[in-house]
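Data block below; observations after.
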């Protein structure tokens, strides 16, 4: 059922025309050069996948249903990395495991229509149980990093209403560190073990249920929490569904269906049952005696098929442990952190805050700069954190601009910047400047803004050459930054602060509109040159010095020290203040 709903919601069948229908939309395939099919073919693929999900749910034509789900799922999955979410791989992987099991032997339409045995090999249960056990366990291992345990990953998450019960005896900061980070780490690392044992299973399931229900309210992660809730039964004994059915039959189906029957008749039935029990006990004793007289039969050697199944199971177990730590191989997908697209089993360990994305298109023939909205032709900003996706976006932007120019040349239309498009040459360079903060650090550049993303060399197995290093030497500043932030917030309800770091020899141009007032620049580390307006007057600023910043005027901050510079803006949001005053 979760698979059926996931195809509509998380996979995007509900808005398939928006997701795949725009021919200008930029997509980010795992294999560079892949192109998504046209919308009618995508609809066919989604329909096949959805029907496969229904078949798996009902246990009807099970093997065919698994194939119909798995093949389109993985194909669509690798068509666009920007849609990946935590555990997006899970449904495809579980369906692949289903494909090799006999999950349709009991409580399935296939079981009703077939006389095949209702029993399955124990490994069918083992591999599914292992898959969800390793999901929790690896999440706990990833949370063992200092970033998580020191409480920098999910700051202010405790302000959500689901944490209100903890606020009765804990402060917001204590809830963040003790409940969100420390308890989250202990829970993920150990809950799989607790659910394996009979004595601790029920309490563990209670905590697990609360955990996933809270996650379903905190994060937009589709059907994943409900899938985890539905699979908790895998950790129980394998015969629990049959026992439940027997219990329900005894509870709701009366032993004497005809209530008008006399008590004597029911009593006679009890006597008959007693005789049957005695006969069964006698038969059991006879079977035990016969068993002792039977000759000892040598155990059969494992068949080739059984050996192959064992090999596949061991391979799957090995890959599940190896892949989360295989980033030393796929180094081209790493940025400031190791792993594919910021997830990689990290389970919210890395929190990104992006304040600026600048996409500059330079026309080499006309020597002119054009700026593109970074939200143009993309559904989200995930592309801006990963080198391979930045390159794919630059290629898509070039293709779309030239296509628009050619279409405008053939049939002139009144559109914004039409003159710029008509004069645009095909000899373009595209530069991308992204500023992010990772887990509460200073805002800093992710990529070298001087590198042309259309000509840069990138390889999935080689380190990213244009990635700017994370300024870990200023990690200890996070405590001081928190103190400064609290002080600035105490000035008024409308004051705020922004922390920025930059590399030697690099400059940042910035602009504040008249929505802001009382803007001050303060240097925390290093030395900079500050220029404003027409850049004629230059002010040199050292550590601890401040300067007021004018609104509606471009200013430039150039780092001239040998070490990276760190500075902060403090300002008042006067528009927000006016709205509050006016009600």
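Heads up, the Cβ atoms here are built off N, Cα and C, so glycines get one too.
No curator has checked TrEMBL annotations; they are predicted automatically.
Here's what TrEMBL has on this protein:
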- 1-240: domain 'HTTM-like' (DOMAIN)
- 43-76: transmembrane segment (TRANSMEM)
- 88-108: transmembrane segment (TRANSMEM)
- 120-139: transmembrane segment (TRANSMEM)
- 177-197: transmembrane segment (TRANSMEM)
- 217-236: transmembrane segment (TRANSMEM)
- 308-325: transmembrane segment (TRANSMEM)
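Across 43-76, 88-108, 120-139, 217-236, 308-325, the stretch most heavily in contact with the transmembrane segment (177-197), judged by Cβ pairs under 8 Å, is 120-139. The stretch from 43-76, 88-108, 120-139, 217-236 with the most CB pairs below 8 A to the transmembrane segment (308-325) is 120-139. Per-residue pLDDT, averaged over the domain 'HTTM-like' (1-240), rounds to 89. For the transmembrane segment (120-139), the list of distant contacts is 87, 90, 93-94, 97, 101-103, 105, 188-189, 191-192, 196, 228, 231, 234-235, 238, 309, 313, 316-317, 320-321, 324, 345, 347: same-chain residues at least six beyond its ends, Cβ to Cβ under 8 Å. Within its own chain, the transmembrane segment (43-76) has Cβ neighbours under 8 Å at 1, 3-4, 6-8, 11-13, 16, 37, 91-92, 95-96, 98-99, 103-104, 107-111, counting only residues six or more beyond its boundaries.
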